[in-house]
C-alpha cells in the first residue's frame, strides 16, 4: 500500500524525510533532481512537498519519496505525521552557520523518537561558500551516533548522489550496490573550489582518528 504522497510503483520505493533548520538548503538540494521537481506533489494535510527521486542502480530502479518541509520548521518543531513511516533520513546543516549545526542533536532526537533504527545521513551543506564557520574537525556528532556524514554543495551539485547511494545500500542490504547512470540534475549555479574542499575532506578524515570530545557540546574555536 502506498503511503500518503506516494503512488504505487513496481520497483522499490522508500520514504525519505529531510530535516534541519530553515535556510540550510534542504529544498534547494531536493530540487536539483529535475524529474523529482517536475513530479512533486503537495500534501496540504501535513504541509509538505513530496518529491519522487528516481535512481538507476545495478540492481534496478529505486525511488526515494523525499518529504520536504516547505519551511514549517521555522515555526517550531515538525508534526509527527511528517516522520511517521519514514524509512530513511537526511539531517542537514549549513557549514556557514554554527547554530544550524548546534541544533543537529535536536533534529536527531525528534527523528529517532518516531523513526527507530532507520539509516540516517548527516549533510553539511554550502561547502562552496568561502566563509565557513563549522570546520571539518568540529563535526563530530555523526561519530557519536554512528551516522554517515557527507559535505555537500547543493548549488554546485557537489556530492549530490552520495547520501542517496549510502541510503540505497543500507536499505537494500547490499554494500556493492551502485548507480549505473546519473539522474538529470539542474545545471550548477556556482562553482566549488575543489582544491579547498579536498583539504576540508582531508581534515575530516584526520579528525575521524582523534578521540571524541567527552561532553555533548560541540566545541568551536
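Placed from the backbone N, Cα and C atoms, the Cβ positions cover glycine too.
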Annotated range (Swiss-Prot: region 'Switch-I') out of 22-30, 31-39, 40-48, 49-57: 40-48
For the binding-site residues 23, 25, 27, 126, 128, the one whose C-beta sees the most other C-beta atoms within 10 angstroms: 126
Listed in sequence order, residues with CB under 8 A of residue 154 (GTP binding site) and six or more positions away: 25, 28, 29, 32, 125, 126, 160
